[in-house]
Amino acid sequence: MFIYLSKKIAIPNNIHLKCVSWNKDQGFIACGGDDGLLRVLKLESQTDDAKLKGLAAPSNLSMNQTLEGHSGAVQVVTWNEQYEKLTTSDQNGLIIVWMLYKGAWYEEMINNRNKSVVRSMSWNADGQKICIVYEDGAVIVGSVDGNRIWGKELKGNQLAHVAWSPDSKILLFGMANGEVQIYDNQGNFIVKMTISCLSNATGAISIAGIHWYAGTGGYVEPDCPCLAICFDNGRCQIMRYENDEYPVCIDTLMNVVSIQWNHCGSVLAVAGSLRAANQDKEFNVVQFYTPFGEHLRTLKVPGKQMTGVGWEGGGLRIGLAVDSYIYFANIRPDYKWGYCCSTVVYAYTKPERQEYCVVFWDTKNNEKFVKYVKSLMSITTSGDFCILASKADDTQPQEDADLESGSHARYVLILCNSIGTPLDSKYIDIDPLFVTMTKTHVIAASKEAFYLWQYRVAKKLTALEINQVTRTKKEGRERVYHIDSNPSGASEGSPDFAKAFTATRDPICSITATDKTLIVGRESGTIHRYSLPNVVLLHKYTLNNRAYYLSLNCNSSRLAIIDIAGVLTLLDLEVRSSGEDSMGNQASAGDPSKFERKDVWDMKWAKDNPDLFAMMEKTRMYVFRNLDPEEPIQTSGYICKFEDLEIKSVLLDEIMKDPERPNKDNIINFEIRSLRDSRALIEKVGIEDASQFIEDNPHPRLWRLLAEAALQKLDLKTAEQAFVRCKDFQGIEFVKRLGNLQSEPMKQAEVAAYFSRFEEAERMYLDMDRRDLAISLRMKLGDWFRVLQLLKSGSGDCDDALLEQAYNAIGDYFADRQKWVNAVQYYLQGRNQERLAECYYMLEDYPGLEKLTSLLPENHKLLPEIGQMFATVGMCEQAVKAYLKCSQPKAAVDTCVHLNQWNKAVELARTHNMKEIKSLLSKYASHLLEKNKTLEVVELYRKAHYFLDAAKLMFKVADEEAKKGTRPLRVKKLYVLAAHLVESYHEQVKTSQQSKAKGKKSEATTALAGLLEEDASSSDNRIVDNAWRGAEAYHFFLLAQRQLYDGYLPNAMTTALHLREYEDIIPAVEIYCLLAICCTANRCFGQCSQAFIKLESLECLSPEQRQQYEDLALEIFTKHNSSSTELFPSSEGADGKLPTCIVTGLPIQEYQFWMCSVCKHCAQGQEISKYNCCPLCHSAIA
């Protein structure tokens, strides 16, 4: 940062000031002094010129009001910014709260304890409470509306200072003897603070100031020190929180009167006086420190006694109360910023985030990209790239950190492009306090050593390839040198960070580099010059002052140095004689020019002229050509770049007021005098004289200016010469093309187009009746709306191909902006089917897409894409249509499979004789079976007409369910379903045979062939032949029980007897138990006893169960005689086995009976008439 005094305001009648306070939000300055003096001032910049902003704008007092009310000397003034109140108190203990009403300040409240004097007052961070401390130990906490919240007497203590914590939970009280005590916000004592900065300090001490930064502007670093306590003897400590055991301690070596943090807690101002080394008199100074105790600057202030210090809200100015004056000093902060590739990169802190917010603001298109970086240290830019230096985050993996050293690298350099994309990074151990970069190298220096990294940027590599490039060949791309070493340029191995930590007596204080030279400045004033890329120490120069900023001109012949006091000097680096060069490493005085400027805080060399540079001196920018200044320009911008006789400058102060919304008005371009003069000459005097002037002051930019002016006047000869001088090949070609044109208006139109005056050029073309040229101009510009207008406006026919091209281009315009509806209209007119399909898909207009499919000719290249579109949204039928239309049955089948439309898939595979459908099915089936989804597999096979496979699985499921002992009705249903599948299989075989035979043979032969084929193919005869057996078994099992419970006992017994044929399906135990019950109920004990005999002989019973059956039989047959010798009656008829009625379970004796068309089972005519469905297979009765 740089600071200089800019203004002073005198208080009338020489009344001495005691205190000053600057309202951060509204900008009012309150100052109190002797004899009840209290004034409120406000500085406002008044200017009509839009370019003059910030500090460069002249500022006047827009308010200067004396507040009457105090009689004694006003000792304390403090602002409540949230509620726009001012609180003041004087030596008599009178407190007044002032409020702003219609632009003036009035008393709102008054309070006087009449016992003691107020030593300090402090509002908390949200402006709700004020704490007032009196000298006699009394403490009062009041609310913003004037009510007292609590009061307390701290007995035996003389109070001097008070401060709130940022969260308003803690109060710090500073005692007159230098102690600091910590209380909670209710006034209960917690603990005494340890003051470590006062170790070995002697004599009486008092506190000069306590300021606890409330975090309103964010923090420089996570966990940043923010509580500053300073003593009058110059000792100061900065703490992270109230009981921080390791505070930052500073000895300012001055008598301190007041301290204050700036608006974002990054700079602490310590005001007081310093005794000169050799004189007795003291002089006033303000010292500036970072929160980590590093000294930034010293500002000397005239006058006898400084009494107070106050920062402005934006941190750009500071007010100092000295004697009967208020001095204002302007501050040029060290923003973290850079400029690369028309992008301004800047960083700021936000209160809600711990990281720095780094903004990459592209000033051309006004786009911004934001990146968050923890503990950012600096931003350095060069060319198209930018380096962000920050402290390494412990939590992140560090691939290229030097892991052999056993410790994590502590810092990281990130190489970014101009939109903030990280391209590469390096973890390093040395603290990158100073960073500079060239087109090929990044150089980072700590106080003791500097580190070189030869970065590579792959222009057209993917991120993966970039990573591989960075993995290879690490050696030779990173090197470390200690400042006291004497590098000879010999190639070294991998960088040795260990040697970089050796202390040095003369630390590095600044660095800069160009492609061939590296300059390192040291605190003693010595400057080292090294060659790049192989680092060799070429020369040492000795200066009188310590360099703060170094910069080399474009050919590395001259070095500009701004020292710590803001004095700019120049040093010529040209080697003078070879004799001295051999002794180059001995310190020798450089060739100091007589040039010197004071109060300089920024400078930039021109990129294209070694004798041209611009510099900022206070609020003026000077341009120097050969050390002669041009007249200054009022501005307070930071210089981005100086090229082509133009200076681009950015008003960072304005941007930082609202960093989230940077405004293009804050980028200012200044033309230097030779460019302005040439332009004036061309306009006022003429091309000849201007040409002579430019000949004397040659510069490509001036030649270009001349060439353009000559073109305007159609002076082609001069234009061509000028284009040659500024090496503009396109310009030369253009002039040649103009020379070949005959008509004058034609030339003028071409020139207008060259200077981007397209409307004018188009008008000229149309006036010459050259609509075709106007159209081609608009086509080049991509203004297709105008092309369409021009095409339609012409009389006669217009070119259809052009018209279609225009329609399609406008369609593209809308499609790029995702306005699909508009795009469709134009694509329809332009007959662009590819883009139409895309638009329909985006609009989810599937009927439109279907229509398009039907309109397209067969085998059109768009059809597969449309098929894919339909497939992605699950529209199988339409997808298949599209695929079949372009002869891609395989894709159609794949889509069906993908969408689980297996029947369709099989059908297609059949029609197109595709072999792989079976394998597809079995793959999918096994996949489902693995997941135990048997029924889904059955459904799959059924849909794919693989009925036999489905039936096999279904029988398996039914058998398993039967084994589990599931409800018999469910098992019957499963068997019926399995049998139905077998019937479908029979039907399938039959139809396939018929289609093969095609009516040549009789039906009988066809049926026979079908049966033979079945026989040959089915290895599973049981399933095919006796498909209904399982269903029958469970049907009769259920029927017998139903008959038994309904009281049809003989029928029940007959049905149960019939069940004996199904022992292979229903467990024998269950059959014979049921039979025994039916026989007993029907009092047929003969059959019953046979059933018991059968039961007792079953091998599957355990001895206990067998014993139970025997006991039961004994019990029954001791009571009832089982003499009936008739064995189980047989259902045999005269003509062999009789069919069983599926309704009653009885054998059918008649010749006339009903047979089901599906399951081929029989029933008696009169019985079945009561039913609508077949009792066994549940198919409808015709």
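Every residue gets a Cβ built from N, Cα and C, even glycine.
Heads up, TrEMBL stuff is auto-annotated, nobody curated it.
Here is what TrEMBL says about this protein:
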type   : residues  : note
DOMAIN : 1-332     : domain 'IFT121/TULP4 N-terminal'
DOMAIN : 337-671   : domain 'IFT121 second beta-propeller'
DOMAIN : 702-793   : domain 'IFT80/172/WDR35 TPR'
DOMAIN : 1025-1122 : domain 'IFT121-like TPR repeats'
DOMAIN : 1139-1181 : domain 'IFT121-like zinc finger'
REPEAT : 67-98     : repeat 'WD'
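Mapped onto DSSP helix, strand and coil, the domain 'IFT121-like TPR repeats' (1025-1122) counts 76 helix, 0 strand, 22 coil. According to DSSP, the secondary structure content of the domain 'IFT121-like zinc finger' (1139-1181) in residues is 4 helix, 8 strand, 31 coil. Per-residue pLDDT, averaged across the domain 'IFT121-like TPR repeats' (1025-1122), gives 81.
Residue counts for the repeat 'WD' (67-98) under DSSP, helix first, then strand, then coil, are 0 helix, 18 strand, 14 coil.
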